[in-house]
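Q: Shown below is the structure under consideration.
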Amino acid sequence: MKRFLLCSFALVLLYPAGIDMYLVGLPRIAVDLNASESQLHIAFSVYLAGMATAMLFAGKIADQSGRKPVAIVGAIVFMMASLLCSRASEGSLFLSGRFLQGIGAGGCYVVAFAILRDTLDEHRRAKVLSLLNGITCIVPVLAPVVGHLIMLRFPWQSLFYTMSAMGIIVGLLSLFILRETRPVRLAPRDLSRSSPAAESLINRFFVSRLAITTLSVSVILTFVNASPVLLMEVMGFSRGDYAITMALTAGVSMVVSFSTPFALGLFKPRTLMLVSQGLFLTAGVTLSLAHTNTVTLFGLTLICAGFSVGFGVAMSQALGPFSLRAGVASSTLGIAQVCGSSLWIWLAAILGISAMNMLIGILIGCSIVSILLIFSVAPNRSVAEHEEIPYQSRP
């Protein structure tokens, strides 16, 4: 079991590393590529577009050909794309490398969740996904620090050499440590009801959890996207103050994420999901009424706590009904989360909504819709019956 957890954690970490590792070198990259920093900021959107593109195909391929091949190919693509970025001499080549990086990271991301669905029951999976969320919160804090230390002695290309090395490590883990988990056959009692056709993505329970997780990701990405404006322009923080504040909010996320597995031993998953949405609603109201920086910071802290306590539980429930189509289910969740959050941020920008109102709107909207869905669409017997761990996996 440890090998599956190690490989899943490694596969997921490529995604945030690809976002945060290079940011510290952005000014130097802009100078060397004769591009403005604002032009290169599109690299974030290009990276997410690559992830969404990979998710369109990676899940189905993983269900048909296995988790291991997709993980290996994804790691290789990420490694090669990182090298391409390091060799870029102009902006378009750099953005092409970022798109390919997203493809590699997206394939690995999908496979990681499919592996956890293959190997863990719902109770253990919810705990592991909460821990995984806590670990991924470490990357946005550590990656800029590591990047800064690297750039003290080496050029910005070394940042992508480091990411390339991460791709190599993940590829080696996938090749030599990871075992195939794609179901070959299920226990005899499951054969009559567990088939790809029976595991439809169009069912009320999955759609409800897809909506909840998509709205939750929209909240956290809106917070990340709006944070520079809120903290530095509206609240008057310096870059140093901004970095410290974001590190502290990431620390809150880590503490809550690592505490959630213990909370699951005391409370029902539904209770934690309601607490999560209650924190979002409280954060939205707090931010709308805030007149001081202290109150605003308290509201931002509630956002991080709310996301950390509920996201892993909701993701675990969403994957629960799928024994044979875990890859496709994971892809669908990833695509909805990336595209849904991007759509909200884009629409808010087009409509000229301020950063604060953009955040307040998604907080209140997410909490109200999610609470209604939690009460109206609860796990039923058919979902519980589908919660099966593959009886036999490939060696």
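Each residue, glycine too, has its Cβ placed from N, Cα and C.
Quick paste from Swiss-Prot:
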type: TRANSMEM; residues: 4-24; note: transmembrane segment
type: TOPO_DOM; residues: 25-41; note: topological domain 'Periplasmic'
type: TRANSMEM; residues: 42-62; note: transmembrane segment
type: TOPO_DOM; residues: 63-68; note: topological domain 'Cytoplasmic'
type: TRANSMEM; residues: 69-89; note: transmembrane segment
type: TRANSMEM; residues: 93-113; note: transmembrane segment
type: TOPO_DOM; residues: 114-130; note: topological domain 'Cytoplasmic'
type: TRANSMEM; residues: 131-151; note: transmembrane segment
type: TOPO_DOM; residues: 152-157; note: topological domain 'Periplasmic'
type: TRANSMEM; residues: 158-178; note: transmembrane segment
type: TOPO_DOM; residues: 179-216; note: topological domain 'Cytoplasmic'
type: TRANSMEM; residues: 217-237; note: transmembrane segment
type: TOPO_DOM; residues: 238-246; note: topological domain 'Periplasmic'
type: TRANSMEM; residues: 247-267; note: transmembrane segment
type: TRANSMEM; residues: 271-291; note: transmembrane segment
type: TRANSMEM; residues: 295-315; note: transmembrane segment
type: TOPO_DOM; residues: 316-332; note: topological domain 'Cytoplasmic'
type: TRANSMEM; residues: 333-353; note: transmembrane segment
type: TOPO_DOM; residues: 354-357; note: topological domain 'Periplasmic'
type: TRANSMEM; residues: 358-378; note: transmembrane segment
type: TOPO_DOM; residues: 379-395; note: topological domain 'Cytoplasmic'
Q: As a test: from 42-62, 217-237, 358-378, pick the stretch that has the greatest number of Cβ pairs under 8 Å with the transmembrane segment (271-291).
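A: Ranked by Cβ pairs under 8 Å, first place goes to 358-378.
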Q: Per the 3+ Cβ pairs under 8 Å rule, pairs at least 6 apart in sequence, do the transmembrane segment (333-353) and the transmembrane segment (217-237) touch?
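A: These two segments touch.
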Q: If I count Cβ-Cβ pairs under 8 A between the transmembrane segment (4-24) and each of 42-62, 131-151, 158-178, 247-267, which range comes out on top?
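A: Result: 131-151.
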Q: Any chance the transmembrane segment (295-315) and the transmembrane segment (158-178) have 3 or more Cβ pairs under 8 A, given the pairs are 6 or more apart in sequence?
A: no
Q: What residues elsewhere in the chain lie close to the transmembrane segment (131-151), defined as a C-beta under 8 angstroms and at least 6 residues from its ends?
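A: For the transmembrane segment (131-151), the sequence-distant neighbours (Cβ-Cβ under 8 Å, at least 6 residues beyond its ends) are 8-9, 12-13, 15-17, 19-25, 28, 116, 158-159, 162, 243, 246-247, 250-251, 253-254, 256-258, 261, 308, 311-312.
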